[in-house]
Amino acid sequence: MPQSFKELGVAKWLSESLEAMKIHSPTSIQSACIPEILKGRDCIGGAKTGSGKTIAFAALMLTQWSQDPFGIFGLILTPTRELALQIAEQFAALGALMNIKVCVVVGGEDFVKQTLELQKKPHFVIATPGRLADHILNSGEETVSGLRRIKYLVLDEADRLLSNSFGSDLQRCFTILPPSEKRQTLLFTATVTDAVKALKDKPRAEGKLPVFLHQVDAGVDQIAIPKTLSTMYVFVPSYVKEAYLTSILKLPKYEESTAVVFVNRTMTAEVLRRMLRKLEFKVASLHSEMPQTERTNSLHRFKAGAARILIATDVASRGLDIPTVELVVNFDIPADPDDFIHRVGRTARAGRKGDAISIIGEKDIERIESIEERINKKMELLEGVDDDKVINDSLQKATTAKREAMLDMDKESFGERRKVNKKKRAVEEPSGKRQQKKVKKVKS
């Protein structure tokens, strides 16, 4: 395997940038994919979270761009706003020496500002399909014309993008792009699903090289959890889950650890955030009902160490670069075993040890059995937390804090704000049309 990025064909200036960022040797997915993509092949790259997929496509795109630096050179589509912002940060850091221009096109940000940035033809656009589709529909040819010349299209977390929920928006995005024979298409994912794999065998345009498919550490059914990850569980009645959570977070082993606590619902995330703050934990949250500025600030606080605990829905479980997490807690058990694997992929990265603890009740047993079958590993019983300890140390305080948190949310009409936010999203396209009128006024 190549020992340096220079051996892979990465530009000298970029190799130096990687060295400056303490990224010395390419990972398996980078070593396999970069040379093949530089040959002109489309690519499907499958590797578990934390294996360096972003650099695998960013390094080669920046290498090629530096030889012909026009805009818009590449489009990266990704399912979440947070992931788009993170990818943009990595592009900006890698391309700092060459003064690259990156535009992020996601919901929750100023539509007019995005329109003006797109009109300036940035070198790279990183977008969520819904917001980019909105611009294609409503912002006019001057705004999106640069997308007609792109050399690279990247679908990051391709398994999610190819699901039904993104179908119509993705198709609309494709209408503005060059035909497949005039661009390279790169798909990267932690889960190489049948839908992703089927793209390899689609008919190719004349002269197009075969698609390159590479999977790393596929393990059982295409996904493996890190070998340095310990998976544990605690079996509890549902009405004392919060007390068990606080007891786990106060264990001597974890009292100073960074932790991500995953939940299935935004309401649960908000209750836990407020409850844990009342119990004097340093906590932040990340869920879809938060305004974009709050979500960004929460992630920055957690990364900077201002918050030790991040309460998150699955919006945070895919691809987000939170390298120092030592503990993952599944407060709620996901219905899909793959979501469990992506969640626990937040810890035990790059050979470091990490723990994943699942708080389970009677209704979760079937889900846990499916997860254990998927990862080919039995979870171990968590030691150090039992009924007596929880009753004596945490139950009353957690119950009181939860009740106060829910009363606060009721006073602030949190549930009503959720309904308003849903209505806003439902009328997003008409909103885009209104914003288009504002753009015309700005230009006139």
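Cβ coordinates come from backbone N, Cα and C, glycine included.
Features reported for this protein in Swiss-Prot:
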| type | residues | note |
| --- | --- | --- |
| BINDING | Ala47, Lys48, Thr49, Gly50, Ser51, Gly52, Lys53, Thr54 | ATP binding site |
| COMPBIAS | 402-418 | compositional bias 'Basic and acidic residues' |
| DOMAIN | 34-210 | domain 'Helicase ATP-binding' |
| DOMAIN | 244-390 | domain 'Helicase C-terminal' |
*If you count Cβ atoms within 10 Å of each one, which of the binding-site residues Lys48, Lys53 comes out on top?*
Lys53
*DSSP on Ala47 (ATP binding site), three-state: which is it?*
coil
*Three states by DSSP: which one describes Thr54 (ATP binding site)?*
helix
*C-beta crowding around Ala47 (ATP binding site), within 10 angstroms*: 26
*For the domain 'Helicase C-terminal' (244-390), provide the mean pLDDT of the predicted model.*
89
